[in-house]
Amino acid sequence: MGRIEIFGVYIFPARSLLVMETIAHFGLLCFLFLVGVEMDVTMVRQTGRKALAVAAAGMILPFATGAVASFMLQSFAGKNIHQSEFLVFLGLALSVTAFPVLARILAEIKLLNSDIGRLSMSAAIISDTFTWVILALTIAMTQSRGTAWASLWILAWGVAFVLLCFYGARRGMRWLMRRRISEGQSVGDFHVCLMITGMMAAATVTDAIGLHSAFGAFMFGLAVPNKGPLGVALLEKLEDLVTGLLLPLYFANSGLRTNLSTVTEGRTAALLFVVFVIASIGKVAGTVIISLFYLIPLREGLSLGFLMNTRGVVEMIILEIGRDRRVLDDEAFAVIVMTSLVLTSLVTPAVRYLHRPVRRRLGYKRRTLQRSSADAELRVLACVHNTRNVPSILSLLRLSSPTKRSPIFVYALHLIELTGRASSLLIVHNAATSGGSRKHAAAANEHPSDHISHAFQSYEQQATSISVQTLTIISPYATMHEDVCGLAEEKHVVLILLPFHKQQTVDGGMEPIDPSIKALNENMLLGSPCSVGVLVDRGLSSKSRSGRNSYSVAQLFFGGPDDREALAYTARMAENTCVNLTVVRFVHGEAAASAARSAEGLQDEQLDNSFLTEFRLRKVGEELATYSENAVNNAEEMMEVIRTIDSGRYDLFVVGRRQCEAALELMAGLADWTECPELGTLGDFLASADSATTTASVLVVQQYLGEPVGGCGPSMTEEELERGLRHHLNKGDHRTADGNGAAAQPLNAVHWY
């Protein structure tokens, strides 16, 4: 657009270009400073040699392609191009991977926390670091052509500058943060301004040395401790301004300097385009070879190769430095810029098409409480958004009856909305580190994650047969459910506990916290790899603080997989001597019982009867729980029974999210008034602020159903199918596989394939 005369005169007048170029360069420095801040070098340690091999394969083949092509392009690209320097600049432009652009592409296609996302980010960090080192060497050579000692002098000063950043400036930043934290103060605007001043000073020093000023800004940003409060504050305060205003000015300025009218020789343009395409194919091929060597599937290897072809700001810097130093002419610059733009735009659709993640669920069979062994460890992922969620979750865990025979392992996960970072974070809290930090940090200045970690660690020390690992995940709410589900699957969790998106007010009402939490809970219920419980807290923790030694828990049982899962959880609670459990089953009255039911509804009823019979023999017979049945014909009778049952006697109601077919017919009238569908019809009724039925807390349980097994319907679990197979195969004569009639032998085990 800048080549159109009227547009150029009024939008980009000549008198404004110098000012815009200055601001654009400042924006570039700020952006590279932030790129250095958000680079997490520890990510490279996690992926190890694999990331190094991918980065090497993604750089060597394209660089070699550029080296060969530089000799072919020498006679076409202009007289001012020096062969050795052109070789290096072209090779770097072909082999670079843009870390910031890659991070945003991965965030857009929701692959940041996947294996391929972590691997590509680690490889990009290595690639960018090597690119800056080689670029610094090249600039040192082009800065003093023909003078070897001058080049060595520039390199020596460059090495000294890097050492000063990491062993001087970095230690100074850590000392400053420790001093501020010990005084109970947080990172303020003064510290941000101090960091910007340091960034400008670093850029000035490297420019004076003879290196590019962008190198100084990037290295100074890399020296900032990114996991402390300083790095987070810099990203939160600067990223929107830099990426929303200053960086676009840099690209606009680069666009004005890209003159497509200089592309006059079609042979040169075509040859450059072919070279870039061949180099991109070489990068993909090299990455795929390394991926296959590390047993990565072919489609993921291809996706990784396309991701490593991402280009952006770093390549633009390389090209502009090459043009300013007359290594590239305007024609080569314009062709390379446009080719890079086209190739980068193909990355996202290519990865979307190629990447088909396969959920690794082998060996992870016990995904529900109903299917878990009574002697097995119960793994729970307890999610909290703030410190107010912690007491109720801890109270619920106390009720869950951890024993030496069946201990509980709790993954306490603090959920934080991502702001100011390119990639999601998963932080594992160390008990020793957290405990030691208390000596240096004022309680008022501690991060909420520290308070939450301390609360769960204190609970672990006080409780028996329970282990706790505290983690923090920082992710956008739109994709947070994928990170939580991935963590649950990785840890083989049986139950995920989620806090309701509303909190109790002083007057007893319920007020919403954040609508994003409601959407998160809905997404978790849709995509969870195990069972889920949503806790509506109405002062559950206040019972323990008031000195009470017993809790009254009631389960309302209507039937269906979720109610059976809830019953499996309350059966575990019944083992706790502090819990008085009451199970109330709602059976259908004569009017409802006469209605026709589907085969699946009849099957559900048979499974309910079987499971309840087992529960009554084990719990009610041993006087660990009480059991009653109530016949109802409609929703009004059901509500009246619930009011009669409660009368303020219970601290917690446990219900299934989805009820059986006949129960849904009873609640048909209530379903029209449901405000929170993630709680189900019954859970929403009990948790409603307008309901005077109960003031007790409510736990809504949803069982993981998985894929349908054969023709048995989605509600058939493996244990239920095994029970049916035993009943079927043990009851009479059957034909064996060889066709001979013989009495069936008792079935001792069912083997799953």
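Think of each number as a place in line: the chain as shown, counted from 1.
Glycine residues also receive a Cβ, built from the backbone N, Cα and C atoms like all the rest.
The annotation domain 'Cation/H+ exchanger transmembrane' is assigned in TrEMBL to 7-349.
Annotation source TrEMBL lists transmembrane segment at 17-39 (among others).
Annotation source TrEMBL lists transmembrane segment at 51-74 (among others).
The transmembrane segment annotation in TrEMBL covers 86-107 (among others). Sequence-distant neighbours of the transmembrane segment (86-107) (same chain, 6+ residues past either end, Cβ-Cβ under 8 Å): 31, 35, 38-39, 55, 58-60, 62-67, 69-70, 73-74, 77, 117, 120-121, 123-125, 127-128, 131, 134-135, 138, 275-276, 279, 283, 307-315, 318-319, 321-322, 327-328, 336, 340, 344, 347-348, 351, 422-424, 476, 479.
What TrEMBL lists as transmembrane segment is 119-142 (among others). Residues 39-41, 43-44, 46-47, 50-52, 54-55, 58-59, 82, 84-85, 88-89, 92, 95-99, 102-103, 106, 112, 151, 154-155, 158, 210-212, 215, 218-219, 304, 307-308, 310, 314, 317-318, 321, 325, 327, 423 of the same chain lie 6 or more positions beyond the ends of the transmembrane segment (119-142) yet place their CB under 8 Å from a CB of it.
Within the chain carrying the transmembrane segment (148-169), a Cβ under 8 angstroms from the stretch's Cβ atoms is held by residues 136-137, 139-141, 198, 202, 205-206, 209-211, 215-216, 219-220, 222-223, all 6 or more beyond its ends. Here TrEMBL flags 148-169 (among others) as transmembrane segment.
Annotation source TrEMBL lists transmembrane segment at 190-221 (among others).
What TrEMBL lists as transmembrane segment is 270-296 (among others).
Annotation comment: TrEMBL describes 332-354 (among others) as transmembrane segment.
Annotation source TrEMBL lists domain 'Cation/H(+) antiporter central' at 408-543.
Summarising the annotation, TrEMBL assigns domain 'Cation/H(+) antiporter C-terminal' to 550-706.
Remote same-chain residues near the transmembrane segment (17-39) are listed as 99-100, 103, 125, 128, 196, 199-200, 203, 213-214, 217-224, 226, 231, 234-235, 238-239, 242-243, 245-247, 249-250, 252-253, 256, 313, 317, 421-423 (criterion: CB distance under 8 Å, separation of at least six residues from the stretch ends). The stretch in 190-221, 270-296, 332-354 that contributes the largest number of Cβ pairs under 8 Å to the transmembrane segment (51-74) is 270-296. Under 8 Å from some Cβ of the transmembrane segment (190-221) lie the Cβ atoms of residues 25, 28-30, 32-37, 39, 132, 135-136, 139-140, 143-144, 154, 157-158, 161-162, 165, 169, 176, 180, 230, 233-234, 237-238, 317, 321, all in the same chain and six or more residues away from its ends. For the domain 'Cation/H(+) antiporter C-terminal' (550-706), the model's average pLDDT works out to 81.
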